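Some notes on the structure that comes next.
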């Protein structure tokens, strides 16, 4: 199971008692759905405005919500994730990195030179596409700043 | 270093002696750049037409190229990749999966129900975007078929 | 021990106080026995009808059962399983994959081409066979959709 | 890549120069296709008759074939397999064990009592099924003798 | 420390308050001492008669004992053991397997052919021998059914 | 595969060209069969007399044999063994240690006090037993000196 | 942190409320300081006399102390230690084994023949030495019985 | 086997063709035997004088010896050692660290305060002691400078 | 998350209720900010004066603070840190060691000879630098005593 | 040993035959010493000017040097480094990250907010300091751009 602290539990429970979805919260907060879920699971930090929207939408008293996030402090992203992931959906993403890792590196180095894609100056989102035959496809976009190695 | 068999070596050397890039080969073969690199590193299978284009473009005799791929047989994707990846660029992709894995799962499950994103019925590509301030961004798109768990 | 949350405990205890078996529940719900056990251990999702049948058969109040499954949310299959498995029965299945993995791959690639057997569009069941000498045999059938690699 | 000794290489190369498939060799030797592939990869032992059939079918001199197998000696099954498997097809089988391991155990213990499914007194085969919509399914059957724990 | 559930604790405490030893319980139940200890640590299943003898000998109410074992269910042997074992005595046994593993395999394959020694159709016992110089020796006997690989 | 240096290879090849077995060599050298195999695999040291018997029996020139063993030097037992063992026969022995490790410790501590069974002041042998129903059983005996912890 | 059971906690707390040190307890019990600390951390067994001295010195009622040690049972040495050790002082000892392991083996084999240094028939102590320049040195002595491999 | 580069091989072979032992070389070079072996295995650096003595004693041309050591460069101590060590003698030392690690730390912290024993400002030696009953004991002394944590 | 004992919790909570920062505490105690944080997380020891300043600044009763640190005892640095670190900031430091480890060693050996940089006789601090374009840079300084290997 | 490809070997050998040091090459190329060593070990990319200076200084034909670096391609930093590092000097750096990782994070988050120190937009250098008492200290400076998490 995901790394679930008591705030995650509070948020998930509150969300399940409203009609809100990650999608509707995304509209409300003006952040991507993955970022909303990341707020829930402790991999992102809320702004003051995020706190107010979440408090209203999920009917969690503002002070309780604020102090919950303060108690977490700065996110320790990744700490609660067992690797390699056993959960099948997450494993598929891991497998893509494993199978195409060198190919991504070769293409990106050719395109940009010696450097990396930032996972910090980074955003991501998820979309659903439906083909004519009714099949559904998930499109995950990763957008990261290119950081060239600094010469020293 | 990547898992490099003698065919990878042949392909990389041949490419370096021409003016071809993954981008130009992509146009030629009608496949995404990552797929071209995947052909090089042994994570994809060439079609008959791919073989002919590669042979001409990289000036590798067709028979040598064909027999090189035949000797590889069906791809053993992922086998040459040490995990967790130590190479910084590949690690950043791994880190994205680690940091946002549960968030992706939560959003995807909400959007599609109980299932996974296929890494097989799957395509990917890489684009460069340049912002007004000159900063460069890499946009990696992952597109996988949604596979719902079959009830049994 | 298996990854046992409080719902698993509730279900196992309830089952032990009735005369129900995985086999009888299988008949009742119209699902394979392994699927029934997977419901217990958190590796499958119940339908509305499954919930009603389980509630009646195991004498667990419907609301308690429903909320137990809701609290679990979408299954995190595999998360509670230590690998390599130490439990001898499970290890035997693991050993089969380890011993015959390359053989399965070779035969399946020859039969279907470049792709994989889905573990998601997938069903499985277990049968007992008794030979003339009284020896008992377990027959486990795995049936997965063949997914060819998509060209990109 | 699979654990490939020189005999595996010899066998695969010889097979690729004939029209034989694992399927046709299966008919010839009277063994399941997976067993034929297991002979190739060093996870099974040939009988005298297997040697003769393979020699003829694959046009490998009998003495060379026989001495190749003798040099291997008794199979060291599983030794060449990296676990967890990185190759996607083999991983799917591994994932099935990981996801449904406790469910299999629960059902089998109920059905047979305290014991295990043998991976030694064991056979397996693979079949292709095509549904009306043209989708293809792989059916893998595992059949192992039930071994009850001996009281002592 | 060993994997100790509450039943293990109950049994060990009860044993320490009587004059019973594994040896005396062995006589009483007609099982080897190692099997008695395995009952304590959750690696074996008691018969009806075992339960009655243990209840009387250890002065644990029969119903409490029976329900303790029922709650455990079918044994998950091995699950509580950290490997490699850090405990020195258990490590010595592990070391014997590590040092002489290939030698055992070579001798057993020569003696019996292609197969394994069952760890299920298996019994074991421990004896003390004292030499003339007063030195003490532990003799551990492992007796397992030989299982030849089934041809398929 | 086992850790096979060139001496192991020489010994195994030589043995296969004579009619000698581990059993017949055991008689000749006056050592247990497992010890003979351990000499082959580098887990034991030959005496002068062992060298002479092996040289004669396996038709390896004495000087070649002697210098082969000298080049190995003092045995590095265990170094060539991957743990956990993937080879099924060796795994069964490993599994016995894993399943019954705490039970052995409990019984041995009760029998001898605080200490360990030596794996150095140690001998082992393997016997075949055939039951009335024709079933074959392997009996492995481990005999190690009991070493009490020294008070300090 | 070290593997600290409630008895360790009791002993450490009691020691901190008296003026006793491992050194003074060493004098009192007639055991080396490391052995005293090993008693605290569960890696050694007290004699009857040890119990009495510890009870008096640390002002822990004798019965409480005795039952604390009885509840622990025979020591499971090493079980609470994470390896490789992260704690810097313990890591330095580990590093010495890692850096000089083969050198120790080479020298000891030359000196004693084929065998090992016992870690059971073993004692150890720690001394402080101060050099003329005021620098302090720790001298750790390990003394173990030499155990030659038994011929079999 | 130990991490043996070609210089180690040269040194060991040369030593075996003379009557020199680590002990006699120790006298010659004025270094402890373990240090001599460490020179062989690449865990120590020779002085100019060491080179000359080794060259003469082992009849290796000085220039060959000097260039062998130069090619190694500064020692990469520990790099060739698999941990946990599988070799039984080295494992016993590892086990001592594992079993008594916390006890050493407790005693040393009490004796010296907050700090560590240096493994760099460090020496070690090995001695043989024979007791009256003829039993042999190895005494390994570790002497390391105490390094207090610097306040910052 | 970091290894947080109850004292860490107390300190962090207390700090959050005052206006103190690591920076202001650094001024107060005369220790670097990293050392202050290390006190919080259990990787450093407070002096008497540190205790008094912390007590006053964070409004924690002196006795409670003192006894909290006493209960911790001598620091077990590193014990609460999962390696490789999953937290992205800490991973970047780890990556620097991984990427430039051999380069640091080569430069330091050339500069100082055969030895190591002490992590014990060691201090560190962190500074912020802002470039003309407004970009912020963190400068981490590591200063460790050079320890040459002692000849023995 | 470090991950040494044939270019590393060429560079190290060439350097040892001149009077050049990392320090003198640093002056020549205008890069930090660690960067020079990183060029040697494959963790940095040379500029055109670097190639020319290295060619002249180390007397390696320019074309050979250029083609050696081209064959390496874009650096795969970190790939040749075993983690945790066994080499003592590199381990000390690793230990600093392990011991003070959370402290660095706490201080940096307070100083800069939610983000990381870049290991890419990064430079480092090493200096020697000698104190009045003659003791030598290594000062390693890490300077990385602060990257705040991008809101999305």
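Think of each number as a place in line: the chain as shown, counted from 1.
Even glycines carry a Cβ here, placed using N, Cα and C.
Note: TrEMBL annotation is automatic and uncurated.
Per TrEMBL, the features are as follows:
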- G:92: active site (ACT_SITE)
- G:95: active site (ACT_SITE)
- G:118: active site (ACT_SITE)
- G:79-152: domain 'Cyanate lyase C-terminal' (DOMAIN)
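A 10 Å cutoff on Cβ-Cβ distances gives residue G:118 (active site) a total of 22 other Cβ atoms nearby, all chains included. Secondary structure of the domain 'Cyanate lyase C-terminal' (G:79-152), assigned with DSSP and counted as helix (H, G, I), strand (E, B) and coil, comes to 25 helix, 29 strand, 20 coil. Proximity to chain I, defined as a C-beta distance under 8 Å, is registered for none of the active-site residues G:92, G:95, G:118. In this structure, the C-alpha atom of residue G:118 (active site) lies 20 angstrom from that of residue G:95 (active site).
With a 10 A radius on its CB, residue G:92 (active site) counts 24 other CB atoms from all the protein chains. If you take every residue in the domain 'Cyanate lyase C-terminal' (G:79-152) and average the pLDDT, you get 97. Listed active-site residues (G:92, G:95, G:118) with a CB under 8 Å from any chain F CB: G:118. Its Cβ placed at the centre, residue G:95 (active site) has 22 other Cβ atoms within 10 Å. In sequence order, the active-site residues from G:92, G:95, G:118 that place a Cβ under 8 angstroms from a chain J Cβ are G:95.
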